[in-house]
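Student: Please see the structure below; I have some questions.
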Amino acid sequence: NGASIFWLLGHAGSGKSALAHTIAKQFHERNCLGSSFFFDASNAVTRRAEDLFSTIARNLAGLIPSYREALVDVIEKSADLSSTLSVRRQFEELILNPAHKAKYEGNILIVVDALDECGYNALREYREFLRILSPGPSEQPSLSELPPNFHFLLTSRPETDLEVAFTPSFGAQRCELWTIPDEEVEQDLRTYYRHRFEDFTVVPDLLHRFDSLLPNRDCIGTLTTKSECLFQWAFTTCEFLFQDDPVEDIVERFQSILESSQLKGLEDLYTKILEKVAGGKDSSRLPRFRAVLGRVLCVKEPLSVPDLIALRGLKEDATTTEFFVKRMGSVLSGVLSNSVIQVFHTSFRDFLFRPALRNETKRDETGNIYYINPVEQDAVLAEACLRVLNEQLAFNLCELKSSYTAHNSELVAQCKASLRSQGLGHLIYASIYWSDHLTKTAYNEELSSLLHTFVDCQFLYWLELLGAIGGIYVAVGAIRGMTEWATGNDDHLAEFGKDAGKFVSNFADVIARSPPHLYISALPLAPESSLVSQQYLPRFSHIIDVRSGKQKLWSPVDLVFGDRGDFQTKEVLSIAYSPDGTVLIAVTYNGLVWLWNPSTGQSIASFSETEASPACIVEISPDGRYFAVGSQRGDIVLRDFKTQALIWGPKSVGTQHIVCLRFSPNSETVWAGDKGGCLGAWEVRTGNNVVSVEELHSDDGRCLVISIDTTRLACAPIRQSLVLFHRDGGDTTWSDRRQITTFTDKVWALGFFPDGQGLVSGHDSGAVKIWDVESGDLLVDHSTAHTNQIYSLAFSSDGSFFVSSSFDQKIQLWDGSSGNPIGNGLSGFGEIHRSSAISADGKSVATAIGDGGIYLWDVAGMKESALLAAKSGTHGPYPSVIALSPDGKHLYAARSDHSICEYDTETGAEIGIVMRGHRSRIWHLSVSSDGTHLVSSSTDTTISIWDIPAQIQTHKSLTGHAREVGCATFSPNGTRLLSCSADTTLWIWDTATWEMIGAPLRGHNGIVTCAVFFEAGQRIISGSLDRTIRIWDAENRNQTGESLKLHTGGVTAMALTPQNNIIASADNTGVVHLWYPTSATSSLQRHHTIKHGTSRINSVSFSADGARLLCASSDHTICLWDVRTGKLIGRPFEGHSSLVQRVLFLHEERIISSSDDGTIRIWNI
């Protein structure tokens, strides 16, 4: 019923690849070759499992038009597929789903050669790939799920992991080459030899001459016998015989093969060939041979002879490389052309990397005189690469003309071609791979000295070159490798490496977009403390001179990544670090479980539990072998950490959200508790329920935590009491129930210290309290570090510090010994961090926000920034949401401390008094048309009305909405106010009495994000994250007509032209639709569809004449559009370093914007 698989097995040299290439060629000629991929362990580009399915998808798209269309849809929705390391995601989304949507009736062959050479240095991806070959009980997608017209030819050596993957029950057709009778193979070999002799015409009648040298007069028969059924032996022998240099030695070469009676198998053949080139064990040529061949075999991707010469050791003559390479055409390809040099067959590399060889005659092992030590070669290559970088890097090597030109793929290709035309291909290689070779080499002073020259003189030129050739992101890993190599040996290099890593992390996107901005923007804008800036800034003139307000320290945020999107489905509910810190698992509101690489931000894998039981919490076992996932329906499952395969489950705990998971210290038991107070334990190995589920309490107990040793438990029923339980280690019963206290200040977060002796509670007011578990005494009570609800708590493994996140958008570090806050809370990102985790080594903190973003913080940087903020008295109340007075002279800004301030737009000065009243983030500001009133709507579910001249609140806050109020706008005549909320409703208010008019408007199924009055206030248009737009009658509050489904993403912003003739509606996928509202109830007429990008649009605004439209996006940019044509006017406005919340026209000639980077900017159009 699914795709068929033919698995061809054979030992090294038995002809697997020859068959694969031949069959691929034949099917290509018939136009039914879907794709072919040949793994090569010697090539960094073609040995990775994660490259396979992207290649196959690209080839299938070229063959099948309907497949290409399906693939385009997938890539538009999931742009991160191009960078994900998740082989499972690639197969499912790039291959499996498009294949079922495509219409193609013919047979499709996909050839994958040398499976055993896959996964050379990417074990996790290789294992994931094997599970796709043979899913077993793990519910993984597999090749067999493809349509039945898909056929796979797979080849490999007989290796254990592949044998396990291809279980007999899997159904792959299997062919073992070693089972084919020798006489059949010998017949094929005879045919092969005959063709090779016929094709060689340089020496006339050569076969007859060779026959005459043999007693049996049968040259082909003799060679066939010596081949011992190995095609690679036959191929190598022919290459050795028929090489052109020198032709006159061909008879001598033939006789050398004949005269070696012990010449059996590939190793003996390789030895005989190398004797001719490098000599025997006493030959003076051996060291030079090893140096040249070591370079050929140990480079990360094949290089040409000139590039190999450029990367030679200091003592090696320039002619040596060519001398040896040209004499090895029997085992190396490319020797007679200008192409790259690489081995014909993996067996030759294996032979040279093997210190001892098996002697079949003496039944023992002898030393391999041609042995090449890869570690020694890496040291040579590391030195050569650094020497090349130090000698040949220079300013603007690629001769870029302007910083105004966006650096696209075409320019990247031009830069690479330019460098290669200058004979600098080796410089490209050195720039990309120097650190790979360095990290495989022990620390030594020679390399350290070269590195000092590199970081002191060439570092920026290296970054510039990487930016030009599209490889700037390589720098992150390269610098990390150098830093780890130098740590403990060279303090200067290690410290520079740490700072350089920050420099690249902060400016990589800028350099990728325009390499010259490395000097123009990145260098001058780096913080005062930056070692890179201190060292290089004085060397450059005619660049930005930042005279005040320069950042003192790097941001403590190292990386931001995640599956970002709308706030309704992408919110991260739970995150957990693996014990070794190499994986971060996150669970999102829509039930997806993501595995991320926290070093790079790349996704490793993702999957979802059943739709009926979406995931909501995750916990990893202390031994790193398993992870448990709890669901929103009250059950848990256990999965294998390495494979994500389901081990057991689901097991029912209760009927409500799972809010607590905890493995025992020995990883043998997992505890789980739900929101309703039900708790039980299961054996990890079997899934048996070892502690029956019991109900600890019957109230809503979302806060439930278990200590690390699983002997203590704390919960907060209905959030207003704190209850502790205890059990002995071997006891299964929770006893000793103690209610410590009750609260009016609700509990939102709980956490035990690692030793189980202390308990921390986070409260609605922002208070953080620490309790003695034994006595129940309150030890610490801090009420000033946070100003709003505590969302999460996380503890370092040694208990030396913990972290809290709050609705006030701050992350606070706490000293674990004293319980005191460490400096000020860190803010400035305009986000509520809803979950947090700390790596086992205590060096990194991960926090997650509502749109799916995950922030990775450097703990040392956090402490430094927090203490500096406390010392300088900066608490960071920064503006985020803005509104303008009708005359444009006054700007009102909502700040991160929930206050509102007023600015003079001409001078930028803050004027008047600060208006305070909200308890949580302010989402929207609106000014009445007469400029007398300001309305603010907030996460605290209220709407506040402010008298602008008096700058005081004129009426008690409007209440009624059940969740945050995202928008509140006045009607054109100012007599009514319209509010929309995350509770899915819209309310209309009378501005004379500030009472609600009638019942709420109901109909949306998701958060209502925006709404406007039109037709003189008689109608209302609203947009929601449920992806619909609805039209309402403002008088009777009924929906008119059907919901409009213009958008494929959640609607996030809306605006109406002052002429009331065009609506702009925007969504969280970066699309803006311009349409005519008068046609909305009949046949909808669209004016234009604008594609701003792929990120959420947060704000849209029309000019006074309705001719231009502004869009503010989460991708940090602002775009100005021509409404008539739908075309972009000029270039995007770039400069904000975080998402842009609002953008407005200021007197039509200027633009004013606010961002979560804490700044308000005014731009000249």
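Using N, Cα and C of the backbone, Cβ positions are placed for all residues, glycine too.
Keep in mind that TrEMBL annotations are predicted by a computer and have not been checked by a curator.
Annotations for this protein, taken from TrEMBL, read as follows:
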- 4-163: domain 'NACHT' (DOMAIN)
- 565-606: repeat 'WD' (REPEAT)
- 740-781: repeat 'WD' (REPEAT)
- 783-824: repeat 'WD' (REPEAT)
- 915-948: repeat 'WD' (REPEAT)
- 958-999: repeat 'WD' (REPEAT)
- 1001-1042: repeat 'WD' (REPEAT)
- 1044-1075: repeat 'WD' (REPEAT)
- 1090-1131: repeat 'WD' (REPEAT)
- 1133-1165: repeat 'WD' (REPEAT)
Student: Using Cβ atoms and a strict cutoff of less than 8 Å, what residues sit near the repeat 'WD' (1090-1131) while being 6 or more residues removed from its termini?
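Tutor: Tertiary neighbours of the repeat 'WD' (1090-1131) are 76, 79, 564-566, 851, 1052-1059, 1061-1062, 1064-1074, 1137-1145, 1148, 1151, 1153, 1155, 1163, 1165.
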Student: Determine which recorded stretch among 565-606, 740-781, 783-824, 1133-1165 has the most C-beta pairs below 8 angstroms with the repeat 'WD' (1001-1042).
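Tutor: The stretch with the most close Cβ contacts to the repeat 'WD' (1001-1042) is 565-606.
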Student: As a quick check of your reading of DSSP, tell me how many residues in the repeat 'WD' (1001-1042) are helical, how many are strand and how many are coil.
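Tutor: Within the repeat 'WD' (1001-1042) the tally stands at 0 helix, 20 strand, 22 coil.
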Student: Could you tell me whether the repeat 'WD' (1133-1165) and the repeat 'WD' (565-606) are in contact, taking contact to mean 3+ Cβ pairs under 8 Å with a sequence separation of 6 or more?
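Tutor: Contact criterion not met.
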Student: Near the repeat 'WD' (1044-1075), which same-chain residues lie under 8 Å Cβ to Cβ, leaving out any that are not at least 6 residues past its ends?
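Tutor: Hits for the repeat 'WD' (1044-1075): 565-566, 568, 1006-1007, 1009-1012, 1014-1015, 1021, 1023-1031, 1084-1102, 1104-1106, 1109, 1111, 1113, 1115, 1121, 1123, 1126.
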Student: Count the residues of the repeat 'WD' (958-999) that DSSP assigns to helix (H, G, I), to strand (E, B) and to coil, and report the three numbers in that order.
Tutor: 0 helix, 20 strand, 22 coil
Student: Helix, strand, coil: count each for the residues of the repeat 'WD' (1133-1165), based on DSSP.
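Tutor: So the counts come to 0 helix, 20 strand, 13 coil.
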